[in-house]
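Peer 1: Could you have a look at this structure, given as structure tokens, before my questions?
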Amino acid sequence: MAKSLCFALFLATTSRNLFVHAVTEDRWYWYQDAQSRLNTYLSEPVNTNVAKNVIIFVGDGMGIPTVTAGRILRGQLEGGLGEDYRLTFENFPYLGLAKTYNVDSQVGDSAACATALLCGVKGNFETVGLDSHGKYDDCESVSKSRVPSIMDWAQKDGKWTGFVTNTRITHGTPAALFSNSASRYWEDDSKLPPKARGKCQDIAAQMIDNMPGKNLRVILGGGRRHLLPENTADPKLKGYFGKRADGRNLMQEWKTQKHDLDAKYSVVTTQKELADVDHNNTDYLLGVFSYSHMNFEMDRDDNDEGEPSLVDMTRRAIQVLKRGPEGFVLMVEAGRMDHAHHFSNARRALDEVHSLDDSVKAALELISPKDTLLIVTGDHSHTMTIGGYPKRGNPILGKDTRPSDVDNMPYTTLLYGNGPGYGVAGSGQDFHDDAGGADQHAAVASRRQDLSLVDTTASDYIQQSAVPRKWETHGGEDVPVYALVKILS
């Protein structure tokens, strides 16, 4: 009984949707809440069947501090204190932790972390779809180190497969689903080093030429530049051209492939075109909505010619894939979360958490947990921390309610261990730069900048950091894994 009560109290002190002064949080509140939730968990049936469908949601860079801050911000935006809010996926009954190191790196990168997550095998830093025999930038090592992904296994079982991302579709995380590359940066053939040309394929070409890429039923994201030849203008972004040096137009080749299969297919590039897709009459769907990465949700033009949201793409992907008679496997990535963290821009990163959570909610409206396993996780963390001693309900993007006891100046609850915010207050970053392409020089100051008159809740505010870097790094701590399944035996 004592063990059950302790466990119940632990559950009760997690989180719950409350509004300011809605109840008195005395001992009886916590006892009742604990017993209620303990009863719920104990009444869950034992699941022994195999899931027909699997949806994996990946928050790129979504470590525990990001989940916590995202939860608090959403609760505060909805009028509550924030700390007691629960994101949709935080209601899932199963929770664990995953280690994120790479074979050769204490702190992982997205491509190698995605290989571990989606292929079940840890690899080396900045390689994708390879085991430890695959060496970075070494084409010769690829042939002996290729590993299959969850998409290979699903397709062998006759399941329909696909992915959704708001990064480039050839970026580090989605690439692990369909490619094997000694460098995550070999997104098109122009990126291949001379010694690899003619021996190793670029990531985009593998998606079109090889299994499981060519059999993916749904591909939705950004990055047209890696699919188009260098003499072909981007159809939406004036003055920009493709990057491919081999003259291949992979979007056209994809269409030809599906036509030759006598399949029903759609190629879309705008929000309206995606909305107009007849999912009941679509076997294959390719949507490439931007030249490079798609916009942050906060910056997205919500009009017919603009980009769809992560929610829009998730919903349409599930509607198409549900037609698979043997079930489906879908990966959904909120990839721009990672980029906002690299900019040390917590506001945009947390907004991407909300976008991911809304996508989970949309999925739950379309599937049944009786035959579908839902997993929500991060691939790695970031150096963002939640610190100080702010009072309950203090704005999570705001300043601590007490100043520093050393310089007597205010500091924000959210800070970064390193990044472009060293000695800097306010904005100054171009949030439309590609990942890794920012050329922002962190200002090195002899003393910390006074934030007294700075609006740290502004969308463009760059959090301060302890160590100057042009580009904030990943964090090495474990990431949470949430799971929902209710398959009745």
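Each residue, glycine too, has its Cβ placed from N, Cα and C.
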Peer 1: The Mg(2+) site in TrEMBL lists H171, T173, E333. Which one of D60, D84, D450 belongs there according to the record?
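Peer 2: Answer, per TrEMBL (Mg(2+) site with H171, T173, E333), from D60, D84, D450: D60.
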Peer 1: According to DSSP, collapsed to three classes, what secondary structure does S110 (active site, phosphoserine intermediate) have?
Peer 2: helix
Peer 1: Setting D60, H171, T173, E333 aside, what same-chain residues sit with their Cβ within 8 Å of the center of the Cβ atoms that define the Mg(2+) site, listed in sequence order?
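Peer 2: Counting only non-site residues, the set is V58, S110, A114, T165, T167, G172, P174, A334, G335, D338, D379.
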Peer 1: Return the member of E333, D338, H380 nearest to S110 (active site, phosphoserine intermediate) in space, with distance defined Cα to Cα and candidates limited to these binding-site residues.
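Peer 2: Closest recorded candidate to S110 (active site, phosphoserine intermediate) by Cα: H380.
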Peer 1: Measure from the CA atom of T173 (Mg(2+) binding site) to the CA atom of D338 (Zn(2+) binding site) and give the result in Å, rounded to a whole number.
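Peer 2: The separation of the Cα atoms works out to 11 Å.
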